[in-house]
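For reference, TrEMBL has these:
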- 21-41: transmembrane segment (TRANSMEM)
- 27-453: domain 'Major facilitator superfamily (MFS) profile' (DOMAIN)
- 82-103: transmembrane segment (TRANSMEM)
- 110-129: transmembrane segment (TRANSMEM)
- 135-158: transmembrane segment (TRANSMEM)
- 170-188: transmembrane segment (TRANSMEM)
- 200-220: transmembrane segment (TRANSMEM)
- 261-281: transmembrane segment (TRANSMEM)
- 301-323: transmembrane segment (TRANSMEM)
- 335-355: transmembrane segment (TRANSMEM)
- 361-380: transmembrane segment (TRANSMEM)
- 392-410: transmembrane segment (TRANSMEM)
- 430-448: transmembrane segment (TRANSMEM)
Amino acid sequence: MEHRRNSEELFGYMRGNNSTWLPRRYLVALLSFFGFANIYAMRVNLSVAIVVMAQNRTIILPNGTKTYQPPEFDWGNGVEGVILSSFFYGYILTQVIGGWLACKYGGKNLFGLGVGVTALFTVLTPFLARTSVYLLVIGRVIEGLFEGVTFPAMYGVWSKWSPPEERSRLVAISYSGCYFGTVAALPLCGALAERLGWPSIFYVFGIIGSIWTAVWLIVISETPNGDKYISEAEKEYIEDSLGTAVKVRLNVPWKDILKSFSVWAIVIAHFSENWGFYTLLTELPSYMNDVFEFDFHSAGLLAALPYLAMGIIVQTSGFMADWFRTTGHLTTTQVRKLFTCTGFATRAIFLLAAAHSETPLSIVASLTVAVGFGGLAYGGFSVNHLDIAPQYASVLMGISNTFATLPGILSPMLTSYIVQHKTSLEWQTIFHISAAVYVVGSIIYSLMASGKAQAWAFVGQEQVFFSDNEHSQTSTEDLIAVPSPRETILQRQPNVFDLATHQSIVPMNVID
């Protein structure tokens, strides 16, 4: 069969029967891993730096004398909350437009531009902060605007570089950089702030991001066909797997999407997940400092541990979910609900445990379990877009990620409003709210979510085909019945989708 022929070519390629030691598509995955690591490092660095920027510090002179310095920036908690959330003001605006730009112009340059401009404004952050708090907020908004295009841009890159048989692992390598970037950034930010001063945080990560941008733009090509260094075997394998792209028009069923319970289940789950995630991401270093009086290096290190656990769990949750589906133990709907609700319930329970912990060891253990095992939800709602409407998955992602960005704006502001005196009781309230959000999100998702392809998902396309790929991981019992594997369902527009692999034959060239 064609799949076996392609697999043989792939394994032959991987055994080294080509001129390069690393397949180019895996080089794309590796560099995008570091790209997302840079993105999240530049996103969270202010969470650590702001602790130093706005607090008194004790300086020990060489002769042993202690001197006390007032805070460089006399900001109240309200101002700090606005600064921390300002990034998301820009981020929320470019989710949908980022996907449109990637469709029209390609994702490679857009991804590089997003990281590069973010790196530039990261380097400028000390100057902006010392000039005016308003300039600092504007700078963070601009960073958000350009980071907002990076996720949809990378979807555009993978639509041209990832064969269906390898897409899960390639995307997992790529996006796991977010969490490992957080793990590396938090302790490093603390060490830089303590030894070289808080401005060094922004200089170091900004320069690293700029270097990465140059490497990405020079080394990576928009398509395999445009890559001068790819082997003929790999190029043929990728192009044969993805097929030939042609431009078509696609009518998005906006009314049906907005009226769909299954869509709103994803939106609410995405919102719930990001509420807790962004709360911890932006406030955890401050919590460590306020309640346990850790120095900045210790706060950064301890804050990083939960994200290390999450990076590992996220990597495995997709494989676990697919195993349940392909072995027939659970339907797709059951898998999505099980993983999402288990992840949310685990987070709620251990966030409550963290709220009432009295020792640093117990708080770190609770938060590590809460954040880490919460990664199970990424085998649930985060891929549910592809289950219910594979051809409109990017549209659904844009909608859900727009709502899911709101916690990044609201959570820091709410924290600043509640945490006035930096007491443990005030911080307990923050954890209680996050746990409640997870419980509500879990209940709603369990009642409204579906793993079945929706009837409205077939409107506006001409042909829907099943795949001959015998290793497909689609749960066929959850698909709407069709007359035959190669038979046309609807004939309205020439857009071909493979339901078994959930891949569009023309993913990057669909236009409005």
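Keep in mind that glycine also has a Cβ here, set from the backbone N, Cα and C atoms.
Where the annotation comes from TrEMBL, it is an automatic prediction and has not been curated.
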* Asked: Taking the transmembrane segment (261-281) as the reference, which of 21-41, 170-188, 335-355, 392-410 gives the largest number of Cβ pairs under 8 angstroms?
  -> 392-410
* Asked: Quick one: do the transmembrane segment (392-410) and the transmembrane segment (335-355) have at least 3 Cβ pairs under 8 Å, skipping pairs fewer than 6 apart in sequence?
  -> no
* Asked: Do we see three or more Cβ pairs under 8 Å linking the transmembrane segment (361-380) and the transmembrane segment (301-323), pairs being at least 6 apart in sequence?
  -> yes
* Structure fact -> On the domain 'Major facilitator superfamily (MFS) profile' (27-453), the mean of the pLDDT values is 84
